[in-house]
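Chemist: Quick paste from Swiss-Prot:
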BINDING   Tyr34, Tyr166, Gln170  L-tyrosine binding site
MOTIF     39-48  motif ''HIGH' region'
MOTIF     228-232  motif ''KMSKS' region'
BINDING   Lys231  ATP binding site
DOMAIN    350-417  domain 'S4 RNA-binding'
Amino acid sequence: MNIIDELTWRGAINQQTDAEGLKKLTSEKKISLYCGVDPTGDSMHIGHLIPFMMMKRFELAGHHPYILIGGATGSIGDPSGRKTERQLQTMDKVQHNVKALSRQMQRLFGGDSNVTMVNNYDWLSKISLLDFLRDYGKLVNINTMLAKDIVASRLDTGISFTEFTYQILQSVDFLTLHNDHNIQLQIGGADQWGNITAGIDLIHKIKGADEAVYGLTIPLMLKADGTKFGKTAGGAIWLDADKTSPYEFYQFWLNQDDRDVIRYLKFFTFLGQDEINQLAAAVEDEPEKRLAQRRLAEEVTRFVHGEEALESAQHISEILFSGDIQRLTLTEVQEAFEKVPNVSINSEPTNIVELLTETAIEPSRRQAREDITNGAITINGERCTDTDAQLNPKTNFSGKFMVIRRGKKNYFLAKVKD
C-alpha cells in the first residue's frame, strides 16, 4: 500500500497542498521529508507524538525522515495556535531543551534508524539582518502574511514583529533543507498549515513554480466528548518518564473511551488494518474486556518507553488490581503512587486512629473510627477493622513507605521520616 493511502485510511491527513502529486511522487521514488519541533520545553507530550508517528511510518515505508529541532526558531516563538505572545527563553534554556529533545527523539526512532537530526540554529544564526531582508524579506508579501490564520487571529490583540517574522524563518528552513538535502515534503500539525504553505511559496519564488515540494498536516485531535486530546486533570501526559511515569502513561491509554480507542489505534500504533478491524469488532461485541484499550496501551508504551518499562507498568497494574500491594518493589510503589496525596509519618509504631487524623487522611477521630469499623481503611493492601491497631511503619517496603487507602479509590502515600 502506498504510504499516502495508508495515512488516508488511518484518518491521519488533514490538508495537503497537492494530494495527487504527492501520491505520485511517493509511488515513484523514496523521498526525504521533515517535521520540526521547537524546544519550548525539555520534553514532548503525547500531542507532539502524532506527527512523529507519521514520520516513523514514512521511515518504515523506506523514505528518509529528517527531524528538525528549532534551536533558532525556539528562541523566537511560534505564534501558531496562540492568543498571546510567548515569553522569550534564555539561550541557555533553549540549548538545554534542544539537547533534551534530541535525546528523546533518538530514543523514539532508535540509534540505527534512517532518521537524520538537524538544528536550524546551524543556518539561521549565520544570516545577517541585511541578508535576511534582502534575500527573503523582499520575496514575502505582507498582505499574504496578514491573511494567514496564524497572524490574522492575533491582529486584534497584537503580535510582535518578532513573532510576525516566524513564518519567514520556517520558510527559510524548508528552502535550506530542500537545497541541501532534497527534502520535498514538510509535515506538521493542523496549526502549521500557514507556515508550511509560506515555505512552499518561498521555494517556488526562488526556484520556480514547478519545483516539486509539498505540505501535509495532521488533523486536530479531539476526544469524542469534544475536549482536547492529551490533557488530564493532572495536566499533560509527557513522553519523559521523569515527568509522566511509564505506569501513568500506560494507564492513560488503558482508560480511553470506547468511542475513541479505534481512532487512536490507527494514529498511535503500527497495527495493520485487519487487526484493528478485529479490535473494533471486540469493542462492539465485548466492550467489558477492553481488549482494544489494552492493546493500545501496550503498543504506545512499548514504542515510547520500551519493553522493560511496559512490563513494569503491566506488573504494577496487575498488582493494584489484585490488591496485593506488598508485592510491589520500592521503585514500583513510588511510580504507582507518585500522583496521589503524600503525607509524612514518624517511624515509631502508632495507633491507626491517631495516624489517620494526624495526617489529615481523616477529618476527625470519630470519622476515622467509623471508617475503620466499616472496613473502609486498608493499610498496605490489608483491610484494618480494629480501631486499637498499632501500625509499625517499618514493617513493609523497607520501612520507607506505607500505602493507605480510604474507600475504594482514595490512596495516600505515607513517607516514613528518617
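FYI, residue positions are counted from 1 along the chain as it appears here.
Glycine is treated like the rest: Cβ placed from N, Cα and C.
Can you tell me where each of these features sits in the structure?
Modeler: Secondary structure at Gln170 (L-tyrosine binding site), as computed by DSSP, is helix.
Residue counts for the motif ''HIGH' region' (39-48) by DSSP state, with H, G and I taken as helix and E and B as strand, are 3 helix, 1 strand, 6 coil.
On the 0 to 100 pLDDT scale, the model's mean across the domain 'S4 RNA-binding' (350-417) is 92.
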Chemist: State the residues, same chain only, that lie 6 or more residues beyond the ends of the motif ''HIGH' region' (39-48) and have a CB under 8 A from a CB inside it; answer 'none' if no residue qualifies.
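Modeler: Hits for the motif ''HIGH' region' (39-48): 69-71, 74, 77, 86, 89, 94, 96-98, 100-101, 104, 221, 229-230, 236-240, 243, 252.
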Chemist: What does DSSP give as the helix, strand and coil breakdown of the domain 'S4 RNA-binding' (350-417)?
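Modeler: Taking each residue of the domain 'S4 RNA-binding' (350-417) in turn, the totals are 19 helix, 22 strand, 27 coil.
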Chemist: In Å, how long is the longest CA to CA span across Tyr34, Tyr166, Gln170, which the record gives as the L-tyrosine binders?
Modeler: 18
Chemist: Below 8 Å Cβ to Cβ and six or more residues apart, same chain only. Which residues does that give for Tyr34 (L-tyrosine binding site)?
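Modeler: Result: Pro65, Tyr66, Ile67, Leu68, Val118, Phe174, Leu177, Ile183, Leu185, Gln186, Ile187.
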